Each structure stands twice: as structure tokens, then as C-alpha cells.
Amino acid sequence: MRTLHPVNLTLFGVFLISLAVMMLIVYNDTDSKYDMVIVISCLVYFFLYVGYVTIIALLKTIRMNRDEKKARILKFLAWFLVLSVVDIATSFVTSSEIRSEDFFVPFGMAIGIAFFDVMFFKKRRYS
């Protein structure tokens with residue numbers, strides 16, 4: 001049975017709320033000193049949250065059984081291949097130039113697709 005982990009869900013909710021507040025402040029282009037403090041504190045929270053998510057996901061991935069790890073790695077490789085091909089195809093259409101930096105976005109998206117539920121759901125195998 002998969003249930004949502006309440007701490008991770010709360011942290012993600014705070015992440016979304018602070019993102020919305022920061023977007024409003026930047027969009028309205030206000031020049032208050034409090035706005036600058038809010039934006040900087042939101043950015044600090046984002047970096048801390050990304051670090052927390054990465055560490056917890058790695059720890060849970062280490063605790064997975066071998067078959068689960070293999071399935072997720074194959075899923076990651078398949079998504080990375082598909083997204084890279086799409087990215088290369090759009091690069092040829094727009095600029096006919098392929099740079100090594102073009103692979104960062106497909107890599108991040110493939111990791112997110114393959115390992116997203118590890119962070120937010122509790123399972124008996126790796127929780």
C-alpha cells in the first residue's frame with residue numbers, strides 16, 4: 001500500500017507556496033527591502049529543500065531491493081534516451097548544433113520521472 005508521507009508533503013506544499021510568493025514579488029517588480037529578504041529566504045529554502053530531497057531519495061534508493069533498483073534504472077535510461085532524442089531533433093530543427101549542455105534537461109527530467117515517487121510515498125520495501 002502506498003501512502004503519502006506527511007512531512008514530505010508539507011515541505012513540498014511550503015515549497016510551492018514560497019515559489020508562488022517569490023514569483024509574485026518578482027513579477028510585480030517591487031523594490032521593498034522586505035521583498036528582497038523574502039526572495040533571498042525563498043531561494044535559501046529552495047536549495048535546502050533540493051538537498052533534502054536528494055539525500056532522502058538516495059537513502060531510500062539504497063534501501064530498495066535489487067529488482068526495484070534495476071527496474072527504476074531501466075526506466076531512467078529509457079526516458080533519458082527518448083528525451084535526448086527529442087532534444088537533439090529539436091536542436092537540429094532550430095539551430096543544427098548539438099552542445100553537451102543540451103543533455104542536462106533530459107537527464108534531470110528522466111531522474112524526476114523514474115524516482116519521483118521514492119521521495120513522496122511510503123513503501124514497506126524502502127521506507
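Just so you know, the numbers here start at 1 and follow the chain as drawn.
Heads up, the Cβ atoms here are built off N, Cα and C, so glycines get one too.
According to TrEMBL, the protein carries these features:
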- 7-26: transmembrane segment (TRANSMEM)
- 38-59: transmembrane segment (TRANSMEM)
- 71-91: transmembrane segment (TRANSMEM)
- 103-121: transmembrane segment (TRANSMEM)
Task: Contacting positions for the transmembrane segment (7-26) when only residues 6+ beyond its ends and CB under 8 Å are counted - done: 35, 38-39, 42-43, 45-46, 49, 52, 56, 119-120
Task: Intrachain residues whose Cβ lies under 8 Å of the transmembrane segment (38-59), provided they are six or more past its termini - done: 8, 11, 14-15, 18-19, 21-22, 25-26, 115, 118-119
